[in-house]
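Structure first, then comments.
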Amino acid sequence: MEILANFAQGLSIVLQPENLMYCFIGVFLGTFIGVLPGIGSLAAIAMILPLSFYLDPTSALVMIAGVYYGAEYGGSIASILMNIPGTPAASITCIDGYPLAKKGRAGVALFSTAIASFGGGMIGMLVMAVLAPSLAQLALSFGPPDYFAVILLGLVAASAVSNGGALKGITMVVLGLMLGSIGIDLTTGDQRFTMGIPELRDGIHIVIVAMGLFGVSELIASIRDNKKGSATQSIDYNDFYPSKSEWKSLFSPILRGGAIGSFFGALPGTGQTIAAAIAYAVEKRISPQKKKFGTGVLPAVAVPEAANNSATQTAFIPTLTLGVPGSPPMALVIGALMIHGITPGPRLLTEAPDMFWGLIASFLIGNIMLLILNIPLIGIWVRLLQIPYKYMYPTIIVLICMGVYSLNNNVFDIWLTLIIGAIGYVMRLYKFEPAPLLIGFVLGPLMEEHLRRSMLLSRGDAMVFFERPISATLIAITVGILAFTAYKSISNYRRFKTSSSQLTK
Amino acid sequence: MINNQKVLLGAGLAALALTFAPVSIAAPGSWSSEPVRIVVTFPPGGTSDLVARLLAKHLDSDYGQKAVVDNRPGAAGTVAADYVSRQSADGTTLLLANNAPFTISPTRFKSIPYEPIEDFTHVAYIGASAPGLFVQPTLGINTVEEYIAYAKSKELAYGSSGVGSISHILGEAVDAKLGIQSIHVPYKGSSPAIQDFRAGVLDMFYDMVVQNKDMIADKEAIAIAIASPERNPQTPNVPTFREQGYDVVIENWVGLSAPAGMDAKTTETINDTVLAIFSSDEVKERLIELGITHSAMTSAEYTQFVADSISTWAPLIKSAGIVEK
């Protein structure tokens, strides 16, 4: 079993004290950020990104991954106790988690979500260990036209399945593409949209966009909400472990959630929120307890947690094997690796096997750490929710400013982050999701790069995209998704029209 | 008596002259009680950054001169150069200078916020590394002559590490010198270009030769020629363009520059210290590994070198068609 040998090799790398430490820092920070309502894993990863530049790439990757899946563990705590999702993906957990807490079963709910997250994480890890190498093998034969087609598919998928609706999703992707075109044109060397500002010549740094959109704007939003910052439900530690029949009722939802989550995590451009929402919707149709969904049943909190956590692991599959982010935070991972001089892509597995298998093994170690952090040490996180935000959020703003300044040692970047944060807040008010924007921002320049490279190499013949089997297939899938989305929105519109015309009659 | 006095006076004057001669004033050693900042035009991790860190380490360990590396990447090195030009010339801020802000940017960009000669004290030259031409082994080409013959029968595509990079400028210079035309495919840095080369997407690429010596040894790429005046001892089997009858010399140099108006004594001390560090065996070996050939220059020679390289590169940059409109 080659996979086992590789995994053992990865394990030996993660078990080095230094990597263990960064893994722990990652999952701890992730849980911390996940517990705090409003700040998601994107903001957390954006904040540690500048720090990761100074680490060994493997340690950096292990730490970033830890933040990413750790946040999904922590995210459910505020959902259950306060009915406020700690992360966007945990909003699904609110639906049944909070009713459970109101029934006095917060402890069982927290325990079940931790177990479900662990189960989902392990499923995601297995899927990644088995699938990623073969996908990378396939991707080795990818040329620039094929990459262009993959990225196009990712962009369309990201906008079509975004939570706020396809039109808003596409708008945000396009805005991201536009922001991404600022700076020097890779093919001609000309400046685009730099308005004579030298700091814009190299484009806007991804950390600035991410911190602005996800850090600053979320902080502004939470000031406006004026949240008090105290958990309204307490935990009864006597009622912490599920009963035998409840254990049984958790098993298959965790498997199903893990499987659905793995699929959507690996689909470029989607992510754990969509995975959790779909897993919940599916479970609601097939669960024996489906009638009670929404009133506070354990399978209904286990399913989205298993799904969102498995999605956080499989999101690394397209990220590392194709260089196409599986979810918005993965866009930051690509940025982090590129700063280390590592271009994620099919060669990563053969050129940096230690990093790849070390990361997979770190999923096991990290999830075990999280189990410990979230079951015996749950009290710490509950108490964290009682710290007033007036102390918490100014501290986070200072950290954001420090992180952004450290990118280029330039104050301009801090101002830019604040401006983007303000714009992000306005977008939020009108329910435009920032995540598709980030995907567009990262993928746009990549897509352009591969498009123009394909055209250069084909001597200007656009047929190259339809002649190659891989790119032709991917473009066909993309057209299919677009057609389906268009059909759906047209039929929705018709239904809306008929119902409204009936109303006027 | 008189003769003796004259001799004595002469000896005294000679001694005095010696004392004031630049060589004897300065000796390698620390020049500031403050820590020195070495500003690098690239983010951490590249060759330039490694040279700066090597220098900082030895300044401290060998001469007790504390030094830190300050990475200020951006706008082809002009952000860092502009920043350094506005600092105090007391020897506490130095720029790890290279082609990008001093040789390429002045010609390439419409305006840059500094004068490459007047706004700096060019202190010490460190060394240079050379790029070369690599082709697919399947093409069956080994020499410049064979390359010309092949390229005339079929338009080839070459990868570079970006528009305005040394590899791009070399590619265009070689095309012009050899009287051929090829398609330029720019990448973000050399490693993605090499990835595509390995995947068979590109026919050829230009990049630093020594950095790719493993590819040459593994026969994954044929190095047709290197653009240095002499062969590099690390890659003795790679001939130069010059020895194959085509005078193409384009090197990536690094040096140490400071804000304008630094006093002669500090300049000499820094020059002597830097030269002493880079001629020690240990450091020399590291430089060779990085593909950099070190040579010693005085501050004046280095200033002349920068000025000369601006004028020798200008026509290359103009003919590459990358001058900003």
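Keep in mind that glycine also has a Cβ here, set from the backbone N, Cα and C atoms.
Here is what TrEMBL records for this protein:
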{"type": "DOMAIN", "residues": "A:20-438", "note": "domain 'DUF112'"}
{"type": "TRANSMEM", "residues": "A:20-53", "note": "transmembrane segment"}
{"type": "TRANSMEM", "residues": "A:107-132", "note": "transmembrane segment"}
{"type": "TRANSMEM", "residues": "A:138-158", "note": "transmembrane segment"}
{"type": "TRANSMEM", "residues": "A:165-184", "note": "transmembrane segment"}
{"type": "TRANSMEM", "residues": "A:204-223", "note": "transmembrane segment"}
{"type": "TRANSMEM", "residues": "A:320-343", "note": "transmembrane segment"}
{"type": "TRANSMEM", "residues": "A:355-379", "note": "transmembrane segment"}
{"type": "TRANSMEM", "residues": "A:414-430", "note": "transmembrane segment"}
{"type": "TRANSMEM", "residues": "A:469-487", "note": "transmembrane segment"}
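Within the chain carrying the transmembrane segment (A:204-223), a Cβ under 8 angstroms from the stretch's Cβ atoms is held by residues 37-40, 42-43, 45-47, 49-50, 179, 182-183, 331-332, 335, 389, 393, 396-397, 400, 403-404, 407-408, 413, 416-425, 427-428, 434, 437-438, 441-442, all 6 or more beyond its ends.
Long-range contacts of the transmembrane segment (A:107-132) within the same chain, counting only residues at least 6 positions beyond its ends with a Cβ under 8 Å from a Cβ of the stretch, are 3, 6-7, 69, 72-73, 76-77, 80, 93, 96-97, 100-101, 235-242, 246, 250, 253-255, 257-259, 261-262, 265-266, 298, 301-303, 305-314, 316-317, 320-321, 349, 356, 360, 363-364, 367-368, 370-371, 374-375, 378. Remote same-chain partners of the transmembrane segment (A:20-53), defined as residues 6 or more beyond its termini with a Cβ less than 8 Å from a stretch Cβ, comprise 14, 59-60, 62-78, 82, 84-88, 90, 207, 210-211, 213-215, 218-219, 221-222, 225, 227, 312, 328-329, 332-333, 335-336, 339-340, 362, 365-366, 369-370, 373-374, 381, 384-385, 392, 396, 399-400, 403-404, 406-407, 435, 438.
Outside the transmembrane segment (A:320-343) by six or more residues, the chain places 41-42, 45-46, 49, 52-53, 57, 60-61, 64-65, 68, 132, 135-136, 139, 142, 147, 150-151, 154, 206-207, 210, 265-272, 311-312, 314, 349, 352, 355-356, 359, 435, 438-439, 441-443, 446 with a CB less than 8 A from a CB of the stretch.
If you take every residue in the domain 'DUF112' (A:20-438) and average the pLDDT, you get 82.
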